[in-house]
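Undergrad: Annotations for this protein, taken from TrEMBL, read as follows:
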- Gly111, Thr112, Asn113, Gly114, Lys115, Thr116, Thr117: ATP binding site (BINDING)
- Arg378, Asp402, Asn403, Pro404, Arg405, Gly455, Glu459: meso-2,6-diaminopimelate binding site (BINDING)
- 23-97: domain 'Mur ligase N-terminal catalytic' (DOMAIN)
- 109-305: domain 'Mur ligase central' (DOMAIN)
- 327-457: domain 'Mur ligase C-terminal' (DOMAIN)
- Lys220: N6-carboxylysine (MOD_RES)
- 402-405: motif 'Meso-diaminopimelate recognition motif' (MOTIF)
Amino acid sequence: MQLQDLLYGVAIKSLVGKPNQEVKALAFDSREVKAGTLFFAVKGTVVDGHQYIAQTVAAGAVVVICETMPAKVDSQVTYVEVESSSAALGMVASNFYGNPSAQLKLVGVTGTNGKTTIATLLYQLFRGLGYGVGLVSTVQNHINDTIVPATHTTPNPIALNQLLADMVDAGCEYCFMEVSSHAVVQHRIVGLTFTGGIFSNITHDHLDFHHTFDNYLKAKKEFFDGLPKNAFALTNADDKNGMVMLQNTKAHKKTYALKQMADFKAKIIENKFSGLHLNVDDMDVYFKMVGSFNAYNLLAAYATAILLEQDRLKVLTVLSSLHGAEGRFDYIVSKQGIIGIVDYAHTPDAVQNVLSTIANIRKGTEQVITVIGCGGDRDRTKRPVMAQTACDWSDKVILTSDNPRTEEPQAIIAEMEKGVSPTNQRKTLSITDRKEAIKTACHLAKPGDIILVAGKGHEKYQEIKGVRHHFDDKEVLNEQFNLIN
Ligand SMILES: CC(=O)N[C@H]1[C@@H](OP(=O)(O)OP(=O)(O)OC[C@H]2O[C@@H](n3ccc(=O)[nH]c3=O)[C@H](O)[C@@H]2O)O[C@H](CO)[C@@H](O)[C@@H]1O[C@H](C)C(=O)N[C@@H](C)C(=O)N[C@H](CCC(=O)O)C(=O)O
Ligand SMILES: Nc1ncnc2c1ncn2[C@@H]1O[C@H](COP(=O)(O)OP(=O)(O)OP(=O)(O)O)[C@@H](O)[C@H]1O
Ligand SMILES: N[C@H](CCC[C@H](N)C(=O)O)C(=O)O
Ligand SMILES: [Mg+2]
């Protein structure tokens, strides 16, 4: 493709070299550059991609997009100076793949918790309604029924636009995708045309990356600020910051809520282990999903389908049969009657939601045993809070490892222990080995008791010092349940 066409929509500060070049491939990683590549020099959190410019030219790069021109330039290469290489990457990647997002009805979901659940429900719903649909999510991506493994919640612009182009080629009409706050800040969604945006909620997470809650809020809001005026912006009016998201959007403002006045309303009639009984827009419906937080997710999916002009009855019929995403309130019962729940709760709010859901629907005599850890190389301030929340809502808590990544597991657990009050210490144990921790919970449980294994949900690995070892919470629980039966 010609460079001039690729630069459509990119704000150029200066250009050195031929204004046109034939570009065969795009890369933001020097290690992937080959002959005919356009290389983006991106300033990252670890290194500055500008230091690899000469190396990429030697490897065959024909165009370099950068924020600072290199001191020495190669006469065969075109250098384009821009304000933000990562924003240019978003725009150029869209152009390179023929702007696939504009050929789909693309709906983005943002918020601290619930993105995967809402996007997955919408994907399953629209498949159930008979459409060609794509999904971009933390658990996995989908092109109709084909699964494409996920590396991030929101992939980088090259992978993302390639995925969207494959969806267009496969005849997809809709795509539902998660928009993480990292993706907004790193411009992974620049250049995409959205038909709608959904906000779930915002609570404590990712302060390692955003530093302040206000920056985190601004990142989420930026997604709505960028929506076009013919799109819809759907927010949770019950969330303290729900209306903030819509303050500066040009899109049609719509709300959903269980408590406040809203365009789309639902009421919880019953919340049991077998599912939710809701009144949605004056219709009584039973759903298979559990927990009041899932009433929000179901309502957000319903409202989106109505905004996308789907038939109300058909929508509720399909939604009522869905289970949502893997590893979210995923539960199994042992032959002895011990209930094991695997849930991806990895923020204080999610831990509180899942445990209060259990508290609301338990009969009262059984114990709740929580096995929980916190991820390494992630927000450290949430560690004591998650441990404290787990203790406040459980009869026994086993603190353990999640994905320690490059950190020492014991050091992470020690930070969690700081949140355990003296009165809660007697019900808390620390067991670093996650398998041992789950095993111990199973041995402590009596028939009727509930074991919550929180934090890793669908994940099939445990990342320790850069290596991903096979690990599956549900598999371990199943194994233990079979052994003790
Ligand atoms: C903190 C973060 O978001 N990091 C992402 C970021 O990497 P980075 O800024 O650290 O990059 P860097 O290593 O400093 O390198 C800077 C530049 O130099 C380039 N480089 C580097 C080395 C080299 O030899 N040659 C070279 O060209 C790199 O390709 C990059 O372009 O850009 C990379 C390329 O797109 C991402 O893979 C990487 O995601 C890392 C792996 C990650 O773990 N990200 C997580 C935190 C994340 O993005 N999570 C969110 C959501 C979480 C949620 O769901 O709540 C997500 O959307 O997944
Ligand atoms: N609407 C909601 N409100 C609060 N908590 C929720 C909600 N939906 C799900 N949760 C909790 O958050 C956990 C993660 O849910 P989900 O995977 O849908 O969120 P996510 O926003 O995609 O997370 P991530 O940022 O890691 O991609 C669930 O396992 C559950 O404990
Ligand atoms: N998308 C989230 C997932 C956290 C899941 C948890 N298991 C962990 O590893 O911290 C993140 O990257 O922060
Ligand atoms: Mg997700």
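For all residues, glycine too, the Cβ spot is worked out from N, Cα and C.
What you are looking at is a predicted structure, and each value in this text was computed from that prediction instead of being measured.
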Undergrad: Hey, of the recorded positions listed (Lys115, Lys220, Arg378, Arg405), which one tops the CB count within 10 A?
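TA: Answer by Cβ density within 10 Å: Lys115.
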Undergrad: Would you mind ranking the binding-site residues Thr112, Asn113 by how many other Cβ atoms sit within 10 Å of each Cβ and giving me the lowest?
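TA: Each of the binding-site residues Thr112, Asn113 was scored by Cβ atoms within 10 Å; lowest is Thr112.
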Undergrad: Starting from the Cβ of Thr116 (ATP binding site), draw a 10 Å sphere and report how many other Cβ atoms land inside it.
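TA: I count 26 other Cβ atoms within 10 Å of it.
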Undergrad: Can you tell me the CA-to-CA distance separating Thr117 (ATP binding site) and Asn403 (meso-2,6-diaminopimelate binding site), as a whole number of Å?
TA: 22
Undergrad: With every protein chain in view, what's the tally of Cβ atoms within 10 Å of the Cβ of Thr117 (ATP binding site), excluding that atom itself?
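TA: For Thr117 (ATP binding site), the 10 Å Cβ neighbour count is 27.
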Undergrad: Got a sec? Which of Asn113, Arg378, Asp402, Asn403, Gly455, the binding-site residues, have CB under 6 Å of any ligand 3 atom?
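TA: Among Asn113, Arg378, Asp402, Asn403, Gly455, near ligand 3: Arg378, Asp402, Asn403, Gly455.
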Undergrad: Given the binding-site residues Asp402, Asn403, Glu459, find the one whose Cα is closest in space to the Cα of Lys115 (ATP binding site).
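TA: With Cα distances computed to Lys115 (ATP binding site), the winner among Asp402, Asn403, Glu459 is Glu459.
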Undergrad: Out of the binding-site residues Asp402, Asn403, Pro404, Gly455, Glu459, give me the one sitting nearest to Gly114 (ATP binding site) by CA distance.
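TA: Considering only the listed binding-site residues, the nearest one is Gly455.
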Undergrad: Can you grab the distance from Asp402 (meso-2,6-diaminopimelate binding site) over to Thr116 (ATP binding site)? Cα atoms, rounded to a whole Å.
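TA: With distance taken Cα to Cα, Thr116 (ATP binding site) is 19 Å from Asp402 (meso-2,6-diaminopimelate binding site).
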Undergrad: Can you go through the binding-site residues Arg378, Asn403, Gly455, Glu459 and pick out those with a C-beta less than 6 angstroms from ligand 2?
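TA: With ligand 2 as the reference and 6 Å as the Cβ limit, the list is empty: none.
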Undergrad: As a check: which entries in Gly114, Lys115, Thr116, Thr117, Pro404, Glu459, the binding-site residues, place their Cβ less than 6 Å from an atom of ligand 4?
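TA: Near ligand 4, sequence order: Lys115, Thr116.
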Undergrad: Taking the Cα atoms as reference points, how far is Asn113 (ATP binding site) from Gly455 (meso-2,6-diaminopimelate binding site) in Å?
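TA: Roughly 12 Å, rounded to the nearest whole number.
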Undergrad: Under DSSP, is Arg405 (meso-2,6-diaminopimelate binding site) helix, strand or coil?
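TA: The residue in question, Arg405 (meso-2,6-diaminopimelate binding site), is strand (DSSP, three-state).
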Undergrad: Under a criterion of Cβ-Cβ distance under 8 Å and sequence separation of at least 6, what residues of the same chain contact Gly111 (ATP binding site)?
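TA: For Gly111 (ATP binding site), the qualifying residues are Ile198, Phe199, Ser200, Asn201, Ile202, Lys220, Asn236.
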